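Novice: Just passing along the structure, written as structure tokens.
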Amino acid sequence: MKSVEDLGDLRGKRVVIRCDFNVPLDGDKITDDGRIKAALPTLTQLHEAGARTTVLAHLGRPKGAVDPKYSLAPVAKRLGELMNLDVKLAGDVVGPSATKTSESLADGEIALVENVRFEKGETSKDEAERAELAQKYASFGEFYVSNGFGVVHRKQASVYDVAKLLPSAAGSLVAKEVEVLEGLTADPKRPFVVVLGGAKVADKLAVIDNLLKAADTLVIGGGMAYTFLKAKGLEVGDSLLDEDSIDACTKYLEQAKAAGKQILLPVDVRVVSDIDFEARTVGQIDVVPADEIPSDKMAVDIGPETEKAYANAIKGAKSVFWNGPMGVFEIKGLELGTKAVAQALTEVDGLSVVGGGDSASAVRTLGFADDQFGHISTGGGASLELMEGKELPGIAVLKENN
């Protein structure tokens, strides 16, 4: 993949950059600007190089039609504050306003067009429809920079098709993500420990398949742990259970044993009989051994003994990849397992990687700073697909364009 430096002198040149600004909003207030901050190094580089930069980005899922609640206005405002620049926002995506805004940029200026998902062609499965929209994006620049790692696993007009039309490069954010994550699966420093949590085993089957080959130890928490416990013949009460994945879990346990690898499962869990996920309230929380979960209770977090065992495995590693919380961390009293894992990652003497999505928001919610970890991925789905060994369309096209 080419870097921005490889594009040569950009002063006065028009550059189109795809960023991932899909930030959480409360009304029109951004509640976590991590993704905007992650884009700053490359945007600052373009600004200082004197490029005339048009930014493509999406927010939410407006389904191919204009929806004011998904406007990029809060993003443009926050980006301007962070860069101490006047960042203009066009009134449309590829219409007269976007064209005029892009064409009137001076050297070093930055503008956003509106949410690319306001255009039906952006996420279309019809290649011709995407290509037609990509032509319009390409009219905004002489070069294309891909800097939205959270979307590189999508074959979309602003990620994939436009990169075929212009000389293209990876921004520093995408380049670092690919380097770190591909390095973990190809040649990790050992011991290599993978921590997987989250609700469903089904979502992680391909990841487990690939990482069982690469990792020395697999640490399992979150809702998916109870399907593994069931596969070992234990009763899990009212806990989340992915019946369709029990056989797969049995197979993984057997494969790990045959290959001399460890799969760590909870030895104790926190259980409740009364929980309201919407209101984020919970009744009495008890700790029970993992093989004694009462039939009328739901396990909702790993227990203190498990926290210690998992922390020890993590702290002894030279490389750690973590994706998915250990429990319902959004509810007070059920964040302890996730917090213990996050704390252990900060103490790793080696590379600690937080794999985007819920894990990234969990560490920030729980008060950890980004620089306490080796790398926090900006892509949940993208980081998992890369760890599965899949070829990501938005990366493949940059490598071809080399």
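Quick reminder: no glycine exception, Cβ is built from N, Cα and C everywhere.
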Novice: Out of E235, E243, E330, E391, which one does Swiss-Prot list together with K204, G356, G357, D358, S359 for ATP?
Specialist: E330
Novice: The substrate site in Swiss-Prot includes D20, F21, N22, R35, H58, L59, G60, R61, R117. Which of R154, R190, R270, R280 is also listed there?
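Specialist: The one candidate that Swiss-Prot places in that substrate site: R154.
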Novice: Cα-Cα separation of S359 (ATP binding site) and N22 (substrate binding site), in Å?
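Specialist: It is 16 Å, counting Cα to Cα.
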Novice: Inside 10 Å of the Cβ of G356 (ATP binding site), count up the other Cβ atoms and send me the figure.
Specialist: 22
Novice: Are there any residues at least 6 positions away along the chain from G60 (substrate binding site) with a Cβ closer than 8 Å to its Cβ? List them or say none.
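Specialist: Sequence-distant Cβ neighbours: N22, D67, K69, Y70, N115, R117.
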Novice: Identify all same-chain residues not among D20, F21, N22, R35, H58, L59, G60, R61, R117, R154 whose C-beta atom falls within 8 angstroms of the centroid of the substrate site's C-beta atoms; report them in sequence order.
Specialist: A57, N115, G150, V151
Novice: Can you tell which of D20, E330 has the most other C-beta atoms within 10 Å, given these are the binding-site residues?
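Specialist: Ranked by Cβ atoms within 10 Å, first place goes to D20.
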Novice: Would you mind listing, in sequence order, the residues at least six apart from K204 (ATP binding site) in the same chain with a Cβ closer than 8 Å to its Cβ?
Specialist: L196, G198, M224, N323, G324, L384
Novice: Between D358 (ATP binding site) and H58 (substrate binding site), find the distance joining the two CA atoms and give it rounded to the nearest Å.
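Specialist: H58 (substrate binding site) has its Cα 19 Å from the Cα of D358 (ATP binding site).
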